[in-house]
């Protein structure tokens, strides 16, 4: 008989990795992954799948580095394993370019990635085009996940590990009363469920294009980017804070195409697919902490570990945050909590 029951809420990349890590580290517990949406209906599935800390607001650099490093190693290990093709993980060169000098210093995470270096003026000149003259930039090697492969791969590992799956829309805390502990990985929905009004949407619209000749990742002025996948490239994007609109906008599409074609003119001949829109879960800082939540009609509090608010860095931080979340879960002493029922 299991020593306790744990519910992991949410089936995005944060929820899947957290459920997997929970099962790996706490095999004596019964773990159930509960979500309304799986697969293509999650924000994670439509993302570019890039490892690079992005839109993390005031999250401490030490935590970003801790979580990001663990995740980078997790992805690199997949790339170097027999599961590379199934997982959809690849390694690629990443070029961060500026048409005017950047205001801030080089990223605090630069020591986490291989081959990080500042680009020379000769290299910048070669990368420049008639409509995009680069004056500064750096490059490094990063991991990119083909999300249409990576998400099913993670779900399969979750199922194989013995995690139960339940498709359910959780709208009130009372829906969770049957569990001994909960890990909240629902992003924006999770913030709403637990009354956190500091979470906000960061609307992202991207396009996918048939451009197999593009093999590297590019970002220009922290605004426009191209991320290579196996069959297509992801081009973007928007970072519209507080915007809940999930409809694609033609104005955004044209702005993205114009911006990306300036530094990669070959995209002009690429076949463009339908746009995709997702809402990144923004927050002043990633919320990764535990609390005891009161539930109406229950004589005990429900132990909850929160793991959400990752902005545009769900893939970048997923495994490191999963490790941290399970560390917090271990401290809850779930078996003892259950014995009090």
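Using N, Cα and C of the backbone, Cβ positions are placed for all residues, glycine too.
Among 187, 190, 312, 320, the residue that TrEMBL places alongside 225, 280 at the D-dopa binding site is 312. Long-range Cβ contacts of residue 43 (FAD binding site) within its own chain (separation 6+, distance under 8 Å): 12, 187, 278, 279, 280, 281, 314. Among the binding-site residues listed (170, 312, 316), 312 has its Cα nearest to the Cα of residue 225 (D-dopa binding site). The sparsest Cβ neighbourhood within 10 Å, among the listed binding-site residues (312, 314), is found at 312.
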